[in-house]
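Student: First the structure, then my questions, so here it is.
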Amino acid sequence: MEKSVNVIGAGLAGSEAAWQLVKRGVKVDLYEMRPVKQTPAHHTDKFAELVCTNSLRANGLTNAVGVIKEEMRLLDSIIIESADKASVPAGGALAVDRHEFSGYITDKVKNHPLVTIHTEEVTSIPEGPTIIATGPLTSPALAEEIKRLTGEEYLYFYDAAAPIIEKDSIDMDKVYLKSRYDKGEAAYLNCPMSEEEFNTFYEALVTAETAALKEFEKEVFFEGCMPIEVMAKRGIKTMLFGPLKPVGLEDPKTGKRPYAVLQLRQDDAAGTLYNMVGFQTHLKWGEQKRVFGLIPGLENAEIVRYGVMHRNTFINSPTVLEPTYQLKTRNDLFFAGQMTGVEGYVESAASGLAAGINAANFVQDKEPIVFPPESAIGSLANYITSASKKSFQPMNVNFGLFPELPTKIRAKQERNEKLAERALDAIKKVAEQL
C-alpha cells in the first residue's frame with residue numbers, strides 16, 4: 001500500500017512539511033480551509049501567506065536566524081528557496097515580495113503529483129500519520145480536538161511572555177544570587193534598586209509607548225497576566241507588592257533590603273538565558289530595551305526574546321511533544337509551526353521541515369531524526385521540548401539556546417561565528433544521513 005501523510009494547514013510549516021514528504025516519495029493529503037473559511041489575519045488563498053511583515057529577518061551567519069536559514073538551505077527547504085527567489089533589497093536582512101513568495105510555494109506544492117489538496121476546514125484529527133500545522137489562529141473546532149488529545153490544561157490561546165536575557169550580558173557585579181527568604185537553593189539573579197532608581201524606572205515605564213493591538217487580538221483576555229506597564233499605572237507602589245517586591249531578598253553584600261528588586265529566573269537547562277519574572281509586557285521592542293536598561297545590572301542586557309502579549313494557539317510542548325515533533329501519546333501524530341511554541345516565520349518553517357522529515361521516516365519505517373542541539377534547528381526543538389513545563393512560552397531561535405562552546409570566547413562576533421560553524425557542520429552530517 002502506498003504510504004501517505006495528512007498535513008493540516010498550508011502555512012509556512014505545513015507547506016514545508018508537505019514539501020519534505022513529497023521529496024521523499026510520500027503522498028500528501030494537504031488540508032487548507034482558506035478561502036472557504038478565512039482567518040481574521042489572512043487575505044488570500046495562497047499557501048505560506050506572510051500575514052505580518054515581509055521580512056524573514058537577518059541573513060548573516062553572526063545571527064542565529066541567519067544560521068537556521070542556512071541550515072534549511074542545506075536541507076532543501078522550499079520556504080527558503082522561495083524567499084531567495086523572491087527577495088527584495090533589505091540590507092543584511094532577507095525580505096521578500098510577499099505575493100511572489102507565496103505564489104511560488106503555492107504553485108510548486110499544488111502542482112506536485114504526490115500532493116492532493118483538500119480545500120475544507122478540518123474539525124477532527126484524522127486517523128493515520130498526520131502533521132498538524134494550523135498556526136496561531138487555529139479554528140475553534142480543531143482547537144477543541146487538540147485540547148481533548150493533549151489534555152485541557154496543555155493548550156493555550158494567548159502568549160504573555162516576559163523578556164528573556166542572555167546571561168553573559170548581565171552586569172554580575174550589580175546583581176546577586178538568592179531565593180526569597182533563602183528558601184531552597186539560590187535560584188534567582190536579583191537586580192536591586194534604590195528608591196531613586198525605582199522612581200526613574202517607574203516614570204520611564206508609565207510613559208513608554210506600547211505596541212498597537214491587531215484587530216483580531218482585541219478579544220484576548222490576559223487573566224493573571226497583566227502587562228507590567230498596566231500594573232504600574234495603577235499606582236507607583238503597585239509593583240512593590242508584585243514583581244518588584246523586595247521582602248526576603250536582602251542584598252548579601254550590604255545585609256540590607258533594597259527598595260525594589262527584580263528577579264531573573266533561569267530559563268534553559270544550560271543556564272545561559274534568564275527571564276524577567278512577572279514582566280510580561282506590551283511595550284514596543286525599542287522601548288523595552290530603553291526602559292528595562294534602566295534597571296541596575298541590565299544596562300547592556302542582550303534581550304534574545306522580547307516580551308509579547310498576543311493571540312496565539314500553542315501546546316505545552318515540554319509536556320506533550322518529543323524532540324522529533326511527535327506527540328508522546330500518539331507517535332503517528334506530529335505538530336509543526338507556531339502551534340509547537342516556536343516563534344517566527346523562519347522558525348515555523350524549520351519545525352515543519354523537521355516534522356516532515358520525521359513523518360516521512362515514520363511511514364517508511366526508518367529511525368526518527370533528533371536534530372543535534374548544536375544546530376539551530378536542533379537547539380529550537382530541544383528548547384521547546386525541555387523548557388520549564390510550568391512557565392513555557394514560545395521562543396525565537398537565538399544563540400542562547402545553543403550549547404556553550406568548549407572554550408569560552410569573549411568577543412561576541414567571534415563566538416557567534418564559531419557557534420554558526422559548529423551548527424552547519426552538525427547539519428551537514430544530518431544531510432548525509434537523509
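Cβ coordinates are placed from backbone N, Cα and C, and glycine is handled just like the others.
Pasting the feature list from Swiss-Prot:
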BINDING   Gly9, Ala10, Gly11, Leu12, Ala13, Gly14  FAD binding site
Student: With a 10 Å radius around each C-beta, find which of these binding-site residues (Gly9, Gly11, Gly14) has the fewest other C-beta atoms nearby.
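Tutor: Result for the binding-site residues Gly9, Gly11, Gly14: minimum number of other Cβ atoms within 10 Å at Gly9.
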Student: Enter the number of other CB atoms within 10 angstroms of the CB of Ala10 (FAD binding site).
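Tutor: Around Ala10 (FAD binding site), other Cβ atoms within 10 Å: 31.
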Student: Among the binding-site residues Leu12, Ala13, point out the residue whose Cβ has the most other Cβ atoms within 10 Å, with all shown protein chains included in the count.
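Tutor: Ranked by Cβ atoms within 10 Å, first place goes to Ala13.
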Student: What kind of secondary structure is Leu12 (FAD binding site) part of, going by DSSP in three states?
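Tutor: DSSP call for Leu12 (FAD binding site): helix.
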